[in-house]
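Listed in TrEMBL:
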- 17-41: transmembrane segment (TRANSMEM)
- 53-77: transmembrane segment (TRANSMEM)
- 89-116: transmembrane segment (TRANSMEM)
- 128-150: transmembrane segment (TRANSMEM)
- 165-184: transmembrane segment (TRANSMEM)
- 172-259: domain 'DUF6534' (DOMAIN)
- 204-229: transmembrane segment (TRANSMEM)
- 235-254: transmembrane segment (TRANSMEM)
Amino acid sequence: MQPTVIHARDTSTTSPVAIAVGACLALILYGQVSQGAYQYFRRYPKDGYDLKAIIAGLIIFHTIHTVCVTHVCYASLVGASSHSGEALYSFVFSLGSFWVVGPSSGITLIIAHCFFARRVYKLGRQPVAFSILMAALSVLLIGMTTFYVIEVIDGNGLWLSKIEIIVVLGLSLLANIALTWRLVLHLRNSRTGFNSTDTLINRLIHFSVNTGLLTGVLTLASIVILVAWPANFAYYPVTAVLAPVHASVVLAALNSRRSLVDRGSEGLELRSFDLDMAPRLHRTGTTIQFTTPSGTILEGGEASAGASADVAQAVQVHFAPPEDEDVDVDAASIRKTDSVV
């Protein structure tokens with residue numbers, strides 16, 4: 001009996017495997033993204049509507065992307081039993097869900113870039129060249145993604161669609177490099193000389209560089225594999241995880257804000273990174289002493305009239321341990337003092 005030889009370009013064997021690997025990775029990352037989104041909405045309910053809209057958009061389009069990737073995997077595995085070679089290749093390309101994977105992934109990437117572009121915008125006035133570059137990349141990304149969707153609906157040529165995918169990925173890579181470079185440059189110029197502040201800045205720089213490298217390498221790998229091996233879906237596992245990786249990076253950046261504040265941020269303005277600088281109550285009871293110009297004093301939790309209005313009184317407020325570990329306190333509403341005036 002002659003042994004069965006599997007060639008690298010045999011689409012009847014490599015295509016279903018590559019699609020299945022991409023679907024498994026996408027489902028694993030979808031669970032991570034869902035957990036991150038749950039943590040975000042639970043821990044940061046007071047964030048602005050712009051951030052909430054970005055996260056909601058990420059979840060919606062990432063869910064569409066995951067559903068389509070799963071359907072393509074199921075259909076290709078079922079179709080592999082009745083199709084082989086070029087027939088299987090044509091069968092996969094006839095699936096409507098296969099053509100939705102690209103646009104949903106592209107929109108997810110655009111939303112992720114909008115999040116980091118928002119951070120760069122909040123840093124302050126940007127150079128004219130950088131602003132023009134980001135505006136051009138944004139318009140091209142949105143335009144190419146829209147044109148790709150229209151072409152898929154019209155059912156135009158396959159090769160032209162591949163060219164558009166490569167162009168969209170290339171624009172995403174350029175936007176990723178530009179945003180990462182601008183964030184790192186701003187952080188390097190924000191050093192204050194204080195050890196705690198510079199340590200926090202170094203952590204932010206490392207995070208920005210690592211996430212930029214991760215998304216950039218994946219995008220570049222997708223372009224290279226799509227150009228080198230377009231016939232056997234070898235690019236599919238890498239392109240299938242682009243959307244969930246970008247969504248995970250955005251959620252990691254948002255959910256890490258509180259830990260960064262807890263590690264110290266004195267002497268550094270980090271509002272552009274949406275860091276919550278207000279102090280928080282802990283689970284242990286807290287006693288806060290402050291002075292008031294009135295004669296109203298809290299005694300055992302009850303209000304009573306005291307001395308004249310021109311005499312300041314010391315007030316002690318006892319806080320019970322809060323049920324929620326994420327209670328925020330407005331720093332401007334409470335002023336501490338160690339002695340009675």
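From the backbone N, Cα and C atoms, a Cβ is placed for every residue, glycine too.
TrEMBL entries are annotated by machine, without manual review.
Small disclaimer: the values here were computed from a predicted structure and weren't measured.
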When counting Cβ pairs under 8 Å to the transmembrane segment (17-41), the leader among 53-77, 89-116, 235-254: 235-254
Residues of the parent chain within Cβ reach of the transmembrane segment (53-77), under 8 Å, 6 or more residues beyond its termini: 15-16, 19-20, 22-23, 26-27, 30, 33-34, 37, 40-41, 88, 91-92, 95, 97-98, 100-101, 104-105, 107-108, 111-112, 114-115, 118, 240, 243-244, 247, 250-251, 254
